[in-house]
Amino acid sequence: MINVAGVVSIVLFYLLILVVGIWAGRKKQSGNDSEEEVMLAGRSIGLFVGIFTMTATWVGGGYINGTAEAIYTSGLVWCQAPFGYALSLVFGGIFFANPMRKQGYITMLDPLQDSFGERMGGLLFLPALCGEVFWAAGILAALGATLSVIIDMDHRTSVILSSCIAIFYTLFGGLYSVAYTDVIQLFCIFIGLWMCIPFAWTNEHVRSLSDMDVDWIGHVEPKQRWFYIDYGLLLVFGGIPWQVYFQRVLSSKTAGRAQLLSYVAAAGCILMAIPPVLIGAIAKATPWNETDYKGPYPLTVDETSMILPMVLQYLTPDFVSFFGLGAVSAAVMSSADSSVLSAASMFARNVYKLIFRQKASEMEIIWVMRVAIIVVGILATIMALTIPSIYGLWSMCSDLVYVILFPQLLMVVHFKKHCNTYGSLAAYIVALLIRLSGGEAILGLPAFIKYPGYDEEEKQQMFPFRTMAMLLSLITLVFVSWWTKMMFESGKLPPSYDYFRCVVNIPEDVQRVDDQSESGEQLSVMAGPLARSYGAATMAGKDERNGRINPALESDDDLPVAEARRLNQQTAQAQVQKMLDKATGSGGGQVSQSMPTPEQDNTAF
């Protein structure tokens, strides 16, 4: 029988989220439907909201449910996600946030398409898309199971209702709605879970955590060490190339703030993991056959995946479990809306616009993105309702993000002169084949290659083949790029063989984003008939909302906009005066030599 009080609490909570999402959507500038305004909230997310929405990058339904499950089944040492994702935010802030934000990109795929072309960028879009969609589907499925445990509500109804609400306010307000609802949702997660812990801990059926029979710490077997390291590296570096993270980075007002938010969010990830860790430990100390729980004991795999809602249901009073239920629902929606918006943004900009409709207007792109939000939301909902091994699918996609996207993103951000489209395609194929060769037990995919240390009983690879695939992909990218460049430039391969037109057969109207010039000017990218501009042509001030700024001003994040404009103007005047002095001293014939032509340097003050 449906728990009416629980249903009422869920409805009230969902109404709160919906109202906040619609209110936040009204913050969007009236009449401004540009890509930056909808996808990146006009690059105007404040510090307070930015901290919450950056933390919500990883703190979601899968995060808190998975953390509690890992503590119960394997112990604290195997609960790598909180620490791995926190480190991914730290490394993302150190190595990627600053250069990506300074370039003024719109999505994570922009630098990849700049370096490898639109179609290769579309191919790289596939693992990113699958990861976002399967992640959203997995957490929606988890929510359905949670509601069925606590309030005896049909899981299909709960999944459809939750996805509809998340899709609606995301459709209405874009990143504004996602960011501001993240604030409410993280508060609900933190308060709701902490409220449940004292009641669960003091339940008469829960034994002491210091009891020798309660091993909630766990241990790593010697044969599992390489697997442990492999999975840890997957979480750390595979957690970087996700659009949900870069959507927050690129929406920050400044590059410095994007880094700061990454570091603060890393601490937030650790802090938000404490309640589910304690709940998992409490579950480990509970003899479930002595409670009102009527299912199988010891718990099967299906029950352990629901360990957090089981603690809420059987170890806390009803009114407390409803607060915890609100926390779980908040966690799920904070992840689902982000994933849906991220996947839709990449499709609208990097696939539809840059591959098929390069002359599409801003309004057309926004409408495509809105349709994509609905389609992605429907796909995630259908998969959540029909596919039993969603977690397995998401796990596979996370691996592909790690082995395929990470090495390519690393190269184009820091070493773009050492890679090209040939290397990118070869690295893509190598990484995909090696990862598939290792199999995936959750999906029933057999291992085509049994690497050293293969566990026949568990059908599991102990060898760190994921990291091996990532490293071989990186080496392939560098080597093939160097080899093709050498072969074409030496004349051993004629220019007509440069099929991807990226080494010697480059069209005259194609230029890539190059390194920032000494004077900090804007650089634009020409791709066929489409002109894409990353950076502010006017360098309007320190807020960086449109991209590049004068590098001389970067060290002071608090410089007023008016002062920044004045200094920019003085810098420009000084440069012009310097050019005029050179021209006057060297003769008029030198003027054209001192001024770069559009073909030499496509820059503007």
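Including glycine, each Cβ sits where the backbone N, Cα and C put it.
Annotated compositional bias 'Polar residues' per TrEMBL: 591-605, in sequence order. Marked as region 'Disordered' by TrEMBL: 570-605. As annotated by TrEMBL, transmembrane segment applies to 6-24, 45-64, 123-151, 157-176, 183-201, 226-246, 258-283, 319-344, 365-387, 393-413, 425-451, 463-483 (among others).
Note on the transmembrane segment (258-283): residues 47, 50-51, 54-55, 57-59, 63-65, 67-72, 76, 79, 81-83, 85-87, 89-90, 92-94, 97-98, 100-101, 186, 189-190, 193-194, 196-197, 200-201, 206, 209, 214, 216, 248-250, 252, 307-308, 310-311, 315 of its chain, located 6 or more positions outside it, place their CB under 8 angstroms from a CB of the stretch. Where the transmembrane segment (365-387) meets the stretches 6-24, 45-64, 123-151, 319-344, 425-451, the count of C-beta pairs under 8 angstroms peaks at 123-151. Most Cβ pairs under 8 Å to the transmembrane segment (45-64), among the stretches 6-24, 183-201, 226-246, 319-344, belong to 319-344. Most Cβ pairs under 8 Å with the transmembrane segment (425-451) belong to 123-151, among the candidate stretches 6-24, 123-151, 157-176, 183-201, 226-246. Note: the stretches the transmembrane segment (183-201) and the transmembrane segment (319-344) are in contact (3+ CB pairs below 8 A, sequence gap of 6 or more).
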